[in-house]
């Protein structure tokens, strides 16, 4: 028996003994709940490759998913501790006036948006996500820690801008990174589990803030909000160091994989995308990928959809302020933030499993929209505690769309990887641009109902829903074209031939090879 086989058998026994709840969910989900597109994918793998694929998937789930969830948890905690700090004396200590607090909130996303596309192109070009992502995790942890020492409004605004710059490479980078490891039938659940890190941060970040407020305020001459930044920034730095040394880069470079498992890892992704999922070396591949992304209308539709849902989710930056309108103390207000987030973590996982089981993205993106609209209306017009707190549970349904749209981006723009990286970064940057202007809609003068902000939230999810309808039409049209091209007896239209010529030109192949690419891929709608 080869050493690689012994290693895989040993690892299989070790993984079998690991009692990790979410890993069992992933394993069962992937084996038992196979979509139509997965069936097409599996049919092109041999029996031995299918067995190897199960081992590979468990290996990926056991190491990669816990790491990215842990980092995303700290990403949102470090970003959103600004909202918790508002209740802990930051505004008073820094003598913030007028809209300076909202400017500090907004400015983070200016830096965040500016760095999106360049950072993702560099990530795909570098080939070392562990070093690249790990470095920026350490950097934003350091910025967060040093924010504890700011003295003026200018200081906090500058720190927030820098925090946006160094946080930018992470999110779109991880979306692209996961799309290099998981097939389209596996992505929705994994991206929802990944996104659960942000929801958990909304719950536990505010619980941590409540504990600091009650236990560390005034300790060693520091305010509670300063301790918040020191503690959370230090934890993030430690996690960044772990990422540098532990996170694997890509399947074809992971040293713990045997040659056979590397082959299966690359082959299953190539079959899933109907093409190789490894870019050619050199900077031209990144430039071409960016060109392909910007020529694809689906990129813009997805960007508009994500802008709508991200803008409607802007209340998360004011969640402690919204719960404060319920009439309780600052500590209780922070605690009241947790239940809606915990509820949505559980709901979104079931939502994603169902989406993968039924092989559908459209309806799972659309159904939360009327619930969000109802939540906004209740918050605008209801005064009693029960109705207003229930409205927050409805508003958080906007987060259920996120795992779906992340997976939909990777499904709708599958290859080449450089195109996918540029598209993910562009969609994420346009989406997060909503966070630049939405903070100014939550004006304290409109408390406790924030009618303008909630009205805008209704309009934004409406726009996202319209975008989903347009995307569904585009993908249905493209699948019909793929069916015609896959049928050797079908007569191709002039539009089909033009599409093949364009694909051949951009991919650097002939017409016959371009038609062959169409045979095994269908977009998930």
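Every residue gets a Cβ built from N, Cα and C, even glycine.
Automatic prediction, not curation, is the source of TrEMBL annotations.
For 64-480, the entry in TrEMBL reads domain 'Major facilitator superfamily (MFS) profile'. Computed over the domain 'Major facilitator superfamily (MFS) profile' (64-480), the whole-number mean pLDDT of the model equals 86.
Residues 15, 18, 20, 22-23, 26-27, 133, 137, 140-141, 167, 170-171, 174, 177-178, 181-182, 190, 193-198, 200-202, 204-205, 208, 232, 235-236, 239-240, 242-243, 246-248 of the same chain lie 6 or more positions beyond the ends of the transmembrane segment (60-77) yet place their CB under 8 Å from a CB of it. Residues or ranges marked as transmembrane segment by TrEMBL: 60-77 (among others).
What TrEMBL lists as transmembrane segment is 103-123 (among others).
According to TrEMBL, the transmembrane segment annotation covers 130-150 (among others).
The feature transmembrane segment is assigned by TrEMBL to 156-178 (among others).
Marked as transmembrane segment by TrEMBL: 199-218 (among others).
Per TrEMBL, the feature transmembrane segment maps to 224-247 (among others).
Annotated transmembrane segment per TrEMBL: 300-319 (among others), in sequence order. Residues of the same chain lying 6 or more positions beyond the ends of the transmembrane segment (300-319) and with a Cβ under 8 Å from any Cβ of it are 80, 82-83, 105, 202, 206, 337, 365, 372, 392, 395, 398-399, 401-402, 405, 408-409, 412-413, 423, 426-428, 430-435, 438-439, 441-442, 453, 456-458, 460-465, 467-468, 470-471, 474.
The feature transmembrane segment is assigned by TrEMBL to 331-350 (among others).
Tertiary proximity for the transmembrane segment (362-382) is limited to same-chain residues at least six positions away from its ends with a CB under 8 Å from its CB atoms, namely 305, 312, 322, 351, 354-355, 388, 390-395, 397-398, 400-401, 404-405, 408, 449-451, 454-455, 457-458, 461-462, 464-465, 468, 471-472, 525. Among the features that TrEMBL reports, transmembrane segment is placed at 362-382 (among others).
As annotated by TrEMBL, transmembrane segment applies to 388-409 (among others).
Counting same-chain residues at least six beyond the ends of the transmembrane segment (421-442), those with a Cβ under 8 angstroms from any Cβ of the stretch are 99, 102, 105-106, 108-110, 112-114, 116-117, 119-121, 123-124, 171-172, 175-176, 179, 286, 289-290, 292-294, 296, 299, 302-304, 306-311, 314-315, 317-318, 321, 409-410, 413, 450, 452-453, 456, 460. Here TrEMBL flags 421-442 (among others) as transmembrane segment.
Here TrEMBL flags 454-475 (among others) as transmembrane segment.
Three or more CB pairs closer than 8 A are found between the transmembrane segment (331-350) and the transmembrane segment (199-218), so contact between the two stretches is assigned (pairs 6 or more residues apart). Between the transmembrane segment (103-123) and the listed ranges 156-178, 224-247, 388-409, 454-475, the one holding the most Cβ pairs under 8 Å is 156-178. Highlighted: of the candidate stretches 130-150, 156-178, 454-475, 130-150 has the greatest count of Cβ pairs under 8 Å to the transmembrane segment (224-247).
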